[in-house]
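Asks: For A:21-42, A:54-75, A:95-121, A:133-153, A:165-184, A:221-241, the entry in TrEMBL reads transmembrane segment. Under the heading domain 'ABC-2 type transporter transmembrane', TrEMBL lists A:43-234.
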Amino acid sequence: MTNFLYQLEIDFKRIILRNPAFFMFDLAMPLTFYLLFTKALPQYSNTMQWKVDYLVSMAIYGILLGSIMTVAHTLSSDIDRKFTLFIDLSPFPKLMYYIEMIIIFEVLNLLCLIGIGLAGILVNNLILPTKVWILLLILIPIMSLPLVLLGILISSFKDSNVINALANILVFPMAICSGLWWPLSVLPQWLQKIGKVTPTYYISNLSNNILHGNSINYNSLVGLIIWFVVLVLALGISYIFTSKKD
Amino acid sequence: MTTALEVKNINKKYKNKVVLNDINFSIQSGEIVALIGKNGAGKSTLINIITKLIQQDSGQSKIFEKEKFDRNLIGVMMQENISLDRITVKEIIKLTRTYYRNPVSYQAILALSELQNYINHPMDKLSGGQKRKLQFALTLAGNPDLIFLDEPTVGMDAESRTKFWERIDELKKQGKTFLITSHYLEELEKVANRFIFLHNQRIIFDGSLAEMGKQLKKVQVTFNSELIKDIFNKLPAVLRVSELNHHYTLITSDVNSLITQLVPYLSAIDNLEIRQQNLDTLMDSLIRNEE
């Protein structure tokens, strides 16, 4: 147990505490978009409701960035720096490494959420019941678990160039067609259909349910759970596949 | 006397090309064994199979006669140094200790790395030589009994290398077992008591340097001379001649005859030496025997 905790402590220090760059990256783009649409282009955002909705969208976008780009980058960096090989050769179980990394990335996502949320509230004087904020702060990181798993799946490709390329290919199209950057309605029908099965769409939809006090959309909930199960299986298969071959 | 490592009938193919062909050997506790062979001979693949990083197609390997592979018993000094960012020397040593059941003390690992003045230094900002020493110290953190060294002294200066091999010798006296791969054959000659030569996917020799020399019964005669190579090529007792900048190396299995044949040319020869072959030329001879 001590080895798990110490690994957690060290990884927290090197990935979060001593790493302001990534933290800023996950926050910068969403916040810039938010400020752009709420301050610089006020014709798009005349209602308080819109400002709150968009803040949540941008928060989820920040988490998407963190879960895929930061996760993929950190894990591929560990491979390049021979840390992964080091762990493979030691008695420390690889599964433990992945579990405590997931914990770290969830903490990163939470901090990202708090950062964007606070900035949004301060900039636009948003008011929302505390209960809703707390619920979102707890539930969005949980819902973003499939995204973190997706980030880990990408990092199993081993070649850091492939990993970075895949991360980029996944993140921006997903952000767009799941309606995070602008509403789904402006996209063509066929793109909307694709968008409606992305995990980010489900997360966004469920977050809006909570935000507006509506009942939970069971379609989205089931969809997200399916994504989670599929990704866990995919990771299992990828692990077995890579441990057999060269 | 336990068998530290037993390798039985290991075979490995990679994309229909045979990489390892029926590899068999065992190493007893306290041995220092050198695994030698040209680049691409399969040394790394063999080590990766033994350390369970990749799987063999058939055959088995056992560490300390145990059915279950236990990473607490081995240490592997990888060829490339771990260079994690945003983590200090002190932290990586402490972290590595937590991985093992019976780790060596923090002070002992620090002493081995010779980085007492760098404990708060980020490990990726160390020099190449410092990283290598740290790598070595971390390899021993778990107090392993069987240690794999993959090109251990690459990046070390001459003084560090000497100290390194002295340390290995001390550890051997404590009963530790080593399997070393290295291209620095002169170092291996001094340190290893046994050589396993991997060539064309098979083990073509397994034994001591003396046995290698005896088996080949060949001796080196070296000298400097302005005379042309052809003269020496024609001498009946000569098996092989190589020349570089007027420095000649003749290989023969009959030293007395060769010396007799060289007598007419003695006035044109300087620095005549007769020696047992070194590892380099012995390996060459073994390869020629195979072909």
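Yeah, the Cβs are placed from backbone N, Cα and C, and that goes for glycine too.
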Asks: Please tell me whether the transmembrane segment (A:133-153) and the transmembrane segment (A:54-75) touch - that is, whether there are at least 3 C-beta pairs under 8 Å between them, with each pair 6 or more apart in sequence.
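Replies: Judged by the Cβ rule, the two regions touch, with the required three close pairs present.
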Asks: Grab the same-chain neighbours of the transmembrane segment (A:95-121) for me: Cβ-Cβ under 8 Å, and only residues 6 or more beyond its ends, written as numbers and ranges.
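Replies: Here the qualifying positions are 3-4, 7-8, 11-12, 15-16, 22-23, 26-27, 30-31, 34, 51, 55, 58-59, 62-63, 66-67, 70-71, 74-75, 84, 87, 128, 133, 136-137, 140-141, 144-145, 148-149, 151-152.
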Asks: Could you give the residue numbers and ranges of same-chain residues that sit at least 6 residues beyond the transmembrane segment (A:54-75) on either side and whose C-beta is under 8 angstroms from one of its C-beta atoms?
Replies: 15, 22, 25-27, 29-31, 33-34, 37-38, 45, 84, 101, 105, 108-109, 112-113, 115-117, 120-121, 124, 126, 136, 140-141, 144, 147-148, 150-152, 154-155, 163-164, 166-168, 170-171, 174-175, 179-181, 200, 203-204, 207-208, 211
